[in-house]
Amino acid sequence: MEEGRSVRRDEEQQHGMGSGRVAAIFREIETEADAATATAASSSGQRADADAGLQLQGPMWKRFLAHVGPGFLVSMAYLDPSNLQTDLQAGYSHRYELLWVLLFGFIFVLIIQSLAAKLGIITGRHLAELCTSEYPKYVKYCLWFLAELGVIAATIPGVLGTALAYNMLLHIPFWAGVLICGASTVLLLGLQGYGARKMEFTIAVAMLFMASCFFIELSHVNPPIKEQLEGLFIPRLKGRYAVSDAVALFSVLVVPHNLFLHSSLVLSRKIPSCSKGVKDASTFFLVENALALFLALLVNVAVVSLSGTICANNLSLDDNNRCSSLSLNSAAVLFKNVLGKSRSTVYGLALLASGQSCTVVTTYSGQYIMQGFSGMRKCIIFLIAPCLTVVPTLVVCSIGGASRVRQLINIAAIILSFVLPFALVPLLKFSSCRTMIGPHKNSTCITRISGILSVVIIGINTYFFCTSFVSWLVDSDLPRFANAIISTLVFPFMAAYIAAVIYLTFRKVSINVALPSRSVSCEIEVEEVQRQDDKDDCLAVNCGV
């Protein structure tokens, strides 16, 4: 009996020793895995810190050139054929008196575009993605529809301008020019397969070429510099329709698709993770955008001065009539009669660069909008988005024809002003929310200035839209029952539109965006992170986790 008990005790001891050895082996494996994970994390953090350090240690001009590109791509929207037509009309009607509207308008555009770039830099997500995360599903789909509608409306002037330019230069039929514009847009969008920088470089070259053409035209008319400077810095609203023309000149500058595009383009750069890197990137993008917008301002001033100087001279009766109803098409004939055939060719080349670049940029922004709202893969977006933007535009432009270019551009401008609040209001809400972008939220001064200007431009657009519709309804020759039906449909729609803008304005931002993972490269930031981790551990212990 005793021998059996001793045998069993020996077996139990051996089994316990074996299980202890197995447990020890598992503990050693777990310890080695934790050590390897910690080593990998520290090495990756060191590599990220080293990369950030290299990016911050380079020469200032090299670091600035690395951020050049998005501003020029975005600024092309302010040189599209719609802006050119508005500038030509303002120059004829008021000569140089409305140049100050362009100056203040571009200052406002610089503020808004810098907010869009800053939002992408800090959150690591563009405006469409943030709207998808923030708003309910039905609101998201409404914003998506309106954003796509704005992209199509912004593409229409580009296609019209390109088709007109082909007709002026090569005498190609208008419908054929529309098809060529669509095909060349799809081909140029293929440059994004080689990186965003190739696309930005192409548009920047087109922008510089367009600027050179209009500066050459301006050098042949020699406008009075003193009157130009007075019109640029002294606000005046004299003459008939000065207020409405100033509003039209200002409202075409702010376009909704640019807000989505700029917040997306900045994500193509490798931004250092520390606070200094974020601050430097924001500064570089601001300076680059200011330079691009300054060039766009000079081109717009040149176009206004060009038409203002030519139409102020003693012209023939036919040319005076063309000045009174100046459009993209009639401007070519006017320049040919006054300045010569070569100047008309230069104008046609500038219009071609403007229209084709505008079409490419708006279609490019449509890709980011669709990707942000739908979440589909990029390869699918590259195929679907251009078709969704270009095909409806080509249909509208082909049906409208060359004789309705001016009317189509005006309708596109009305649609853009209608869609603008649904991109501008979310941008202002997100960029001013501490839970969204943390300590990088806008200052009180910037928030107030951008808010006041946004309320002014949205209110003016809504007022002129309503009054224009009412005046058209009163002066129309439609039967009374038709007017009653139209009023029954339109006025509730406008009430819903105003209610939607109010909803976006006063709705609180609910999501707390997880900022992109960033390595920490300075001791102060390391201490802050460690203190935050200690606080989280204490909270976890108190909560019983």
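Sequential numbering from 1, following the chain as shown.
Glycine residues also receive a Cβ, built from the backbone N, Cα and C atoms like all the rest.
Here TrEMBL flags 64-79, 99-121, 141-166, 172-191, 203-221, 241-261, 282-306, 346-367, 379-402, 408-428, 449-472, 484-506 as transmembrane segment.
Contact between the transmembrane segment (141-166) and the transmembrane segment (408-428) is supported by 3 or more Cβ pairs under 8 Å, counting only residues 6 or more apart in sequence. Contact between the transmembrane segment (172-191) and the transmembrane segment (379-402) is supported by 3 or more Cβ pairs under 8 Å, counting only residues 6 or more apart in sequence. Counted over residue pairs 6 or more apart, the CB atoms of the transmembrane segment (241-261) and the transmembrane segment (379-402) come under 8 Å in fewer than three pairs, which marks the two as apart. Contact between the transmembrane segment (346-367) and the transmembrane segment (449-472) is not supported, since fewer than 3 Cβ pairs fall under 8 Å when only residues 6 or more apart in sequence are counted. Remote same-chain residues near the transmembrane segment (379-402) are listed as 148, 151-152, 155-156, 159-160, 163-164, 167, 174-175, 178-179, 181-182, 185-186, 189, 192, 329, 359, 362-363, 366-367, 369-371, 408 (criterion: CB distance under 8 Å, separation of at least six residues from the stretch ends). Taking Cβ pairs closer than 8 Å, the transmembrane segment (449-472) reaches residues 108, 111-112, 115, 244, 247, 250-251, 254, 414, 417-418, 420-421, 424-425, 428, 442, 490, 494, 497-498, 501 in its own chain, all 6 or more past its ends. Comparison of 99-121, 203-221, 282-306 by number of C-beta pairs under 8 angstroms to the transmembrane segment (64-79) places 282-306 first. With a cut-off of 8 Å between Cβ atoms, the residues of this chain six or more beyond the transmembrane segment (99-121) that come close are 70-71, 74, 78, 127, 130, 228, 231-236, 246, 249-250, 253-254, 258-260, 262-267, 271, 278, 281-282, 285-286, 289-290, 293-294, 296-297, 300-301, 304-305, 424, 427-428, 430-431, 437, 440, 442, 446, 449-450, 453-454, 457.
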